[in-house]
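Working notes for the structure below.
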Amino acid sequence: MNTGKAAPTVDQLVRLENQVIVAERQLAQQRDKTREVDAQLRAAGVNNKRMVDLLERTREEIIELKQALQRDGDFPFGYGTVISKNERGHAKSTHSIDAANVKSVDILQAGRKLRVGVSPLIAWDAIQPGVEVLLNEALVIVAISDTEKLGEVTTVKEVLDEERVLTVGRSDDQKVVKIGGALKGEKIRVGDSLVIEPKSGYAIERLHLSEVQSLILEEVPDISYENIGGLGPQINQIRDAVELPFLHADVYRDHGLKAPKGILLYGPPGCGKTLIAKAVASSLAENVAKIKGTGEAKSYFLNIKGPELLNKYVGETERHIRLIFSRAREKASGGNPVVVFFDEMDSLFRTRGTGVSSDVETTIVPQLLSEIDGVEKLDNVIVIGASNREDMIDPAILRPGRLDVKIKIRRPNRDGAAEIFSKHFTSAVPVHRDEIERNGGNKQAAIDALIEETVDTMYAHTPENQFIEITYVDGSSEMLYFGDFTSGAVIRNVVDRAKKSAIKSLLSTGEHGITREHLLTAVVDEFREHEDLPNTTNPDEWARISGRKGERIAHLRTIDHEEQRDVQANAAKQASRASASSAAQSITEQA
């Protein structure tokens with residue numbers, strides 16, 4: 001009987017059979033994956049249990065650590081000073097037990113040297129020798145305090161190595177100390193003043209004391225020979241004595257010559273001795289830069305002011321002198337020229353045995369002599385002394401081989417004064433338009449004319465310029481004028497006075513620039529200030545200081561121009577009265 005449905009073909013049966021096989025295979029694969037997932041779940045469960053156990057133990061350890069830290073932070077705290085740090089494994093295993101070979105710090109507390117631990121909250125690198133730390137009751141470092149600010153001040157006598165120096169303290173006690181605190185890694189020099197932490201013995205701070213720093217001028221002075229006027233011959237002598245041996249050392253050695261060790265600049269006050277010394281340092285620096293082919297001019301100028309160097313304590317002045325030359329040797333070792341300049345040299349190194357109430361020169365002079373002789377091996381150190389009382393300096397200092405070259409700085413003549421004026425009265429200074437028009441509209445010509453007229457006024461031998469009358473022991477006399485006492489400092493003051501007068505005129509009248517009246521008035525005012533200044537009580541002393549040499553002076557008389565003006569005014573009044581009386585009498589007679 002036919003049901004209406006066709007029987008499946010062979011191909012259909014084959015396809016169905018293949019589909020069943022594929023399904024069974026996929027089912028088997030799915031079962032395998034399920035078993036793998038089950039295994040992973042079981043492993044994850046085991047790991048999870050282990051993690052829970054680990055977290056529990058970690059939690060307990062954190063709680064214990066927190067409690068330990070809380071105990072570390074309990075008051076009271078003690079103070080200690082760090083001596084050294086010990087890294088882990090710092091000691092040989094055969095020489096220490098494991099507990100003594102861990103990371104630790106050696107400290108000094110209450111006179112005891114202890115090795116202590118460090119709290120894990122403290123940065124290890126922040127602990128440095130010489131610093132102060134806080135310790136809990138278990139002697140564990142829990143905080144780092146500031147470096148001690150108090151201590152004994154000592155002076156470095158010798159640098160032993162990078163970590164130790166030899167210092168000199170009170171009563172010349174010598175002590176070897178270590179470098180610590182902020183000084184770690186810094187360059188320590190002989191003569192430095194260090195603060196020594198009393199408990200640990202570490203040098204923790206460098207002091208910049210004024211008594212030492214005032215001696216040192218590290219920079220090249222900004223003064224050249226072109227800034228100095230009226231001293232051409234003296235400058236040439238300086239160049240020959242200082243620059244030639246330094247710049248042509250080989251030629252000097254070939255001829256068997258040595259560079260001079262020192263120069264003495266002597267002469268009246270205010271004539272440029274200090275300026276020349278500074279210009280020497282500047283010129284040497286420029287020449288060194290040219291020789292080395294570098295653009296940087298480097299030299300050192302140690303400016304020693306004699307009175308500031310004196311000290312009431314025995315041996316202090318000598319120590320300062322040793323410090324000065326030690327610093328000079330240090331600077332010169334790099335090949336740079338060093339000028340050691342002693343200003344007012346007569347105040348320090350006067351002739352031995354001439355002291356009235358003191359004999360300090362008996363030890364100060366030998367100290368300088370030994371230092372100058374010690375400079376022989378240093379080709380780039382030159383000692384320059386300046387004084388207006390060269391007769392008071394010990395002869396042993398002035399002998400050849402020490403201060404070899406003596407140069408007298410004289411007062412400027414008329415030409416020198418004009419040259420000095422041109423250094424201060426330059427084209428940059430405003431000049432009144434009337435002065436410029438009077439010279440054909442040429443400003444420089446106006447300046448030259450003003451300078452010439454001012455110099456003529458200063459050096460004129462007129463009654464207004466009379467300054468001092470000198471009477472010699474033989475009875476002869478001589479009149480000195482203000483021009484005989486002119487110096488570079490006086491000329492600079494004259495120009496400055498004229499500038500101030502020009503400023504006042506500008507503010508009051510609106511007239512701009514320096515005039516002839518400003519300069520001539522400045523000359524009169526400058527000379528008037530000096531009328532009462534000469535010391536006439538000791539003529540010989542005055543003559544030496546002022547640069548007057550020759551026959552002995554018996555008496556000095558200063559010319560009082562105010563008195564002369566009063567006499568002239570009274571004479572004029574009397575003449576006027578006499579004239580009026582004569583006229584009245586004539587009228588009476590006519591009547």
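Note that Cβ sites are derived from N, Cα and C of the backbone, with glycine treated the same way.
Among the features that TrEMBL reports, coiled coil is placed at 13-72. Across the coiled coil (13-72), mean pLDDT in this model comes to 84.
The feature domain 'AAA+ ATPase' is assigned by TrEMBL to 259-413.
When secondary structure is read from DSSP and collapsed to three states, Lys273 (ATP binding site) falls in the helix class. Annotation comment: TrEMBL describes Gly270, Cys271, Gly272, Lys273, Thr274, Leu275 as ATP binding site.
Annotated region 'Disordered' per TrEMBL: 558-591, in sequence order.
For 568-591, the entry in TrEMBL reads compositional bias 'Low complexity'.
Sequence-distant neighbours of Gly270 (ATP binding site) (same chain, 6+ residues apart, CB-CB distance under 8 A): Ser487, Gly488, Ala489, Val490. Neighbour counts were taken at the CB atom with a 10 A radius for the binding-site residues Cys271, Leu275; the maximum falls on Cys271. Counting only same-chain residues six or more apart in sequence, the Cβ atoms lying under 8 angstroms from the Cβ of Lys273 (ATP binding site) belong to Leu265, Tyr266, Gly267, Asp343, Ala386, Ile409.
When the neighbouring Cβ atoms lying within 10 Å are counted for each of the binding-site residues (Gly272, Thr274), the highest count belongs to Gly272.
Taking the mean position of the Cβ atoms of Gly270, Cys271, Gly272, Lys273, Thr274, Leu275 as the ATP site, the remaining residues of that chain whose Cβ falls within 8 Å of it are Leu265, Gly267, Pro269, Ile276, Ala386, Ile409, Ser487, Gly488, Ala489.
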